[in-house]
Amino acid sequence: MQSIILIGKPNVGKSSLFNKMARQRIAITSDISGTTRDANKTEIYIHSKKAMLIDSGGLDESDELFKNVKKNTLKVAKESDIILYLVDGKLAPDDEDRQFFYSLKKLGKPIALVINKVDNKKDEERAWEFANFGVKEIFNLSVTHNVGLDELYEWLEKFLHQEFLIPDEEENLEDFLEYYEEGKEFQFKEVDQNHIRVGIVGRVNVGKSSLLNALVKQERSVVSSIAGTTIDPVNESIVHKDKVIEFVDTAGIRKRGKIQGLERFALNRTEKILSHSQIALLVLDTHEGFNELDERIAGLVVKHYLGVIIVLNKWDKSEMDFDKTVKELRLDRFKFLAYAPVISVSALSGKRVHVLLDKILQIFENFTQKIQTSKLNTLIENATRAHPLPHDYGKLVKIYYAVQYDLAPPKIALIMNRPKALHFSYKRYLQNQIRKEFNFEGVPLVIASRKKGSKENDES
């Protein structure tokens, strides 16, 4: 996983930015200089891309303790992938900041100068003084007022890899391997095959409530052109081909800075709903077009390991070409959801809504699919023979065997001699081979690499 480190002198707002990017209060923030002395870190999502965010201790030469903090910060910076250097926009640039910044530029990593506390026109004028740092990537921020973050996120996203493989983060792999005997079939957890939980997600006013009404053939949600009409989640169950499908119509997600009161509460409820869903209907408005917020909502689906169907709503009002639109979604905006089927509908007229019901059943079948160990290993053997694993500094890298250790979503373990040497591009190759052989349309495929005989799960 790539890492982003926040560096700067004390009291420039690193902890506030850290908390904002983490979307929770982790680092202690105050007006007292140097509140954060030890590095904090947490996993975050930039749109749909995962990264480790590190909040370093403040750089300062004023006392012996901070000299040690500076030394440790520079060490962590060398091991990080992206550097954000923060300065206080209410203060004039100083030589000490320039010195720190130049030393970091020499590391040859993507680096940006982030000018925080730019709260008004006067601050914006003062920010021009930082141009003499000699860096192109300068971002004016006001973390407290939520200004400038979108531009920063857009820049960061360019340097983050999109992993089609969701890293395994659960302890059940270790529990599984403790009792697993090579070559044996495993008794998977029980999943109710007759009850499917589906979350309907999307930004405000894309037609989620109309879609729910069309799916259940009755008006259960209040429909209005007023953005954000639906605040409380609404559950409705139907029976389709002897399967119970439980729909949850979530409150629309607004852009940051426009979430107020009940709407903010609804956003939190949306996260909870996704955590209890198995399949997500990601609703997009083809009449209004797509935007960055759509991508962020798609990232929530990825975050929760859900099966997914992309629903192009209001297609009757759209002038888009379907094939061209699907290609754009899969190659550009939603390339991290390239495995998701795309279906065009008109929720208000009910056109093609019935297609969604059959597709939900199919995706759920894929979501709970079990692969025979023998078939999986035959595929892995053929794939590695066709494209041998790259050596690790001259040493042989070998996959001893592969086994599916969980479902909903399907999770596969690769038992290896050198799991850290398995590059993400080769993982992607294996994933594509597995998808070709077995039908995993619409579902994420988790692949974890583990060293044979070790108790530690090893992810590359």
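Start at 1 and count along the chain as shown; that gives each residue its number.
Even glycines carry a Cβ here, placed using N, Cα and C.
Annotated GTP 1 binding site per Swiss-Prot: 8-15, 55-59, 116-119, in sequence order, evidence recorded as sequence analysis. The GTP 2 binding site feature in Swiss-Prot is assigned to 202-209, 249-253, 313-316. According to Swiss-Prot, the domain 'EngA-type G 1' annotation covers 2-164. The domain 'EngA-type G 2' annotation in Swiss-Prot covers 196-368. Residues or ranges marked as domain 'KH-like' by Swiss-Prot: 369-453.
Counted within 10 Å of its Cβ, the other Cβ atoms near G8 (GTP 1 binding site) come to 25, all protein chains included.
Spatially, by CA atoms, the binding-site residues N205, K208, W315 include one closest to N11 (GTP 1 binding site), and that is N205.
Predicted-model confidence for the domain 'EngA-type G 2' (196-368) is 81, expressed as mean pLDDT. Among the binding-site residues listed (G202, N205, K208, W315), G202 has its Cα nearest to the Cα of K14 (GTP 1 binding site). Spatially close to V118 (GTP 1 binding site) yet at least six residues away along the chain are G89, E124, A127, N140, L141, S142, V147, G148, judged by Cβ distances under 8 angstroms.
Across the domain 'KH-like' (369-453), DSSP classifies residues as 31 helix, 22 strand, 32 coil. With the fewest other C-beta atoms within 10 Å around its C-beta, N11 stands out among the binding-site residues N11, S56.
N205 (GTP 2 binding site) and S56 (GTP 1 binding site) are 40 Å apart (CA-CA, integer value). Classification of S56 (GTP 1 binding site) by DSSP places it in coil, neither helical nor stranded.
Under DSSP, N205 (GTP 2 binding site) is assigned to coil, being neither helix nor strand in the three-state scheme. Rounded to a whole number, the distance between the Cα atoms of G8 (GTP 1 binding site) and G202 (GTP 2 binding site) is 37 Å. Note: the CA-CA distance between N205 (GTP 2 binding site) and G8 (GTP 1 binding site) rounds to 41 Å. For N205 (GTP 2 binding site), other Cβ atoms within 10 Å of its Cβ number 18. For the pair W315 (GTP 2 binding site) and G8 (GTP 1 binding site), the C-alpha distance works out to 49 angstrom.
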